[in-house]
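TrEMBL has this to say about the protein:
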TRANSMEM  A:14-37  transmembrane segment
TRANSMEM  A:85-107  transmembrane segment
TRANSMEM  A:119-140  transmembrane segment
TRANSMEM  A:161-179  transmembrane segment
TRANSMEM  A:191-210  transmembrane segment
TRANSMEM  A:248-266  transmembrane segment
TRANSMEM  A:278-296  transmembrane segment
TRANSMEM  A:308-331  transmembrane segment
Amino acid sequence: MGDLLREPLTAGNALLFLLAAAGLLLIVLGFVTYAIYFERRVIGWMQLRVGPNRVGPLGLLQTVADIFKLLIKEDTIPRKADRALFVLAPVLAYVPAFAVLAVIPYTSGLYFADLNVGLLYYVALSSMTTLAIVLGGWASNNKYALLGGMRSAAQMISYEVPLVMSVVGVVMLSGSMNLRSIVAAQGDWFWQWHFLPQLIGFAIFVVASVSELNRTPFDLPEAESELVAGYHVEYSGFRFAFFMLTEYVYVYAIAALTTVLFLGGWHPPAPFLDIVPGLIWFVLKFALVVFVLFWLRATFPRLRVDQLMGFGWKVLLPLALLNIFVTAAYMELWIK
Amino acid sequence: MKGMLQGLGVTLKALTSKKVTTSYPDEPLQMPDRFRGIQYFIPDLCIVCNQCVRVCPTDCITLTGKPNPDPEKKGKVIETYDIQFETCILCDLCTEVCPTEAIVMTNQFELAAYSRDELFKDMHWLSANDKQVRADNNPIGAPGKGGGK
Amino acid sequence: MIRTEELLLNVGPQHPSTHGVFRIIVKLDGEVITEATPVMGYLHRGTEKLAENLTYTQIIPYTDRMDYVAAMTNNYVLCYAVESMMGLEVPERAEYLRLVVMELQRIASHLVWWGTYLLDIGAMSPFLYAFRDREKIIDLFNELCGARLTYNYMRVGGVKWDAPEGWLDKVRDLIPYMEEKLKEYDRLVSGNEIFLARIRGVGAYDAQTAIGYGLSGANLRCTGVDWDLRKNAPYSLYDRFEFEVPTGERGDCHDRYRIRLEEIRQSLHILRQAMAQFPEPGPTMGKVPRVIRPPAGEIYAAIESPRGELGCHIVSRGKAEPYRLKFRRPSFVNLQILPKLLVGETMTNLITILGGIDIVVGEVDC
């Protein structure tokens, strides 16, 4: 992939890039389909149920059927809604979600963009989705949606700060914001990966990223027991599907980012295990992160808005700053 | 932190534990014998005493009788017997007061229908509903020998 | 020009957390509630009026439908009132059966509360765990009286059915099982820091306020008032059993949560004693006249339902039907304090507080 990226842009190359992007889109859609299936299965098992098992063998086609149902559903737009913004919001939510995937490297050779500010690109683009959620909540002209949108804005802004701060330590240790270099900077043994030296940073990153994903225990914007469905309460059919898709694409993105930043990317946990291809290791770590997200959802209750904000600003942010300071001190005293 | 980790442990353990759900429409549910399902009506036993109509709290039973066609015998025989399952609450009182056990409960409980008209069950339907009839009807409220007052 | 506006929000009647068809109109300043008006009556069926044209036996199935989560106690309060009025003797075995089913019902009802409350707070799994165990109790009831929710089990002067063979042993087996499961519940959420942060100090009131609003059940006991009709005005056979009445200190949602879980333990304790001294087979129906006609007069009988003081006031004119029948429904009375508690709270706490009161809309609207 790397050589191709360095070549001058010709019509043939452009077509290749387009095909690669389409391929990634298909993979992501496949992931979303089966992540939802997997989530429902895992949560079902944890709740002593069996989960979806009716459509297709083992219920494997359940999500396909659900998506099909959403696609053929009537597309309703409330009369009092702001039509243009209402239509724009799901698109605006999805585009950055897909665009951030460009910078994620899967193995040393398989990546889509070799960006020197990859991490910054990720963080900057992913905040745009907040805008879409606020927009969707506001444009629906529904009070529950508005409350959901407001909560979402408050939550995502206040958790973006600790999220970015928590990865500064990683950036300092690896001396780069390029995600490929960050993986390369992590050692061969699993204790050399960033999650141990950067334990505080890792913990903050996990909490803040779950919050960024709007998943339990931070699923306040769409708290179904309070706000019915939050910002997407008025959405139906494929527009609703796009919001759901965005959410699960972010699960993909965050899981991949966690793997890259803290879990050593495609490195095997021990050097002698490198007979297994790096991509497999990547997928395994990725799946573990996704599983933990579902596991949390099956167990935890939801936080309250004020507690959430307090936790973000009073606990996570100071901790993240402390982490940066400690990392800097460590590097100054030992590494130099 | 400790409480959260304990909770995570419980759910992780449940991941592999035995599931408790049943696959109901595929495997029929077995109800215990005392289950109060749709009534089974035996016209030959009915003495048209009207006890069930009077005791019904929702007035969902209607019946008519006619004189016994056999001139030798006294009393009446049943002519129509309808239960309106839109209002029937399966409270068991009709089977409790029936002195001859002409109306008894069964284990059938599937009453879902596309039309309300289907919930109006007449004598023929009720007497054809003879599967899984309850064995013990414990008629504590029934009048003693000699029929109703 | 910036100006702010109060948001008038309709919570319910179709809302996932109003437990049925209950509606609260709230005025919101941001997410803070400045005024709350509960609106009820969406599930009103006129039980009390209907009862005026029904005989006492016919009213029993209607009481099943008031508090449909705890129908056994509803059955009991009517029978208890009529029996007290007529001075009827209930056979010992029947009374024991009643007590056992009422305590099982209390456990089942608190399990439903526990599960749905956690669902309101945002945890999904406890609901399924609670229903797994409630299902065992429901199955026991199904075996005993042939219905899973609307039992119509008790009759004036006794009970409809004696326990079937092996039923008592199943109840005996249930006790250690439930005790084990209660520990699991505690591990699952009771210590969860997020959950504790959500319910500690939320919706607190003092004993004076609680008494002033006529609260009963866990809503009263959470303020530290030791008041349980099973102890303070014993009915049935409760004076023969040892049990404790758990009380709280702070009067908040956490105390109510703790008390309800503790009440399950106490109910198991009562059940254990009841199973140990369960009488030999005998009659389960007392000597009851053919037509039940309580003498002219009035009576108010109250029992401790899982939700609080459940009362039944009968005015009889000596006929087979009551002249007037009034149920004091604890859900309805406990709900009075809601508008007061909600002012100044956030939308999220609305759900926490409403869930903590433990209402059953069938009982609120009756």
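Every residue gets a Cβ built from N, Cα and C, even glycine.
Listed by sequence, the residues of this chain that lie at least six past the ends of the transmembrane segment (A:85-107) yet keep a Cβ under 8 A from its Cβ atoms are 24-25, 28, 77-78, 113, 115, 118-119, 121-122, 125-126, 128-129, 131-133, 135-136, 138-140, 179-180, 183, 234-235, 239-240, 242-243, 245-246, 249-250, 252-253, 256-257, 260, 265-266, 277-279, 282. Here the transmembrane segment (A:248-266) does not touch the transmembrane segment (A:308-331). Their Cβ atoms form fewer than 3 pairs under 8 Å, with each pair 6 or more residues apart. The stretches the transmembrane segment (A:308-331) and the transmembrane segment (A:191-210) meet in space: the count of Cβ pairs below 8 angstroms, excluding pairs fewer than 6 apart in sequence, reaches at least three.
The list of residues near the transmembrane segment (A:119-140) in space but at least 6 beyond its ends in sequence, with Cβ under 8 angstroms from a Cβ of it, reads 78, 81-82, 85-86, 88-93, 95-97, 99-100, 102-103, 146-150, 152-153, 156-157, 160, 163-164, 167, 171, 177-179, 182, 212, 221, 230-235, 243, 246, 250, 253, 257, 261.
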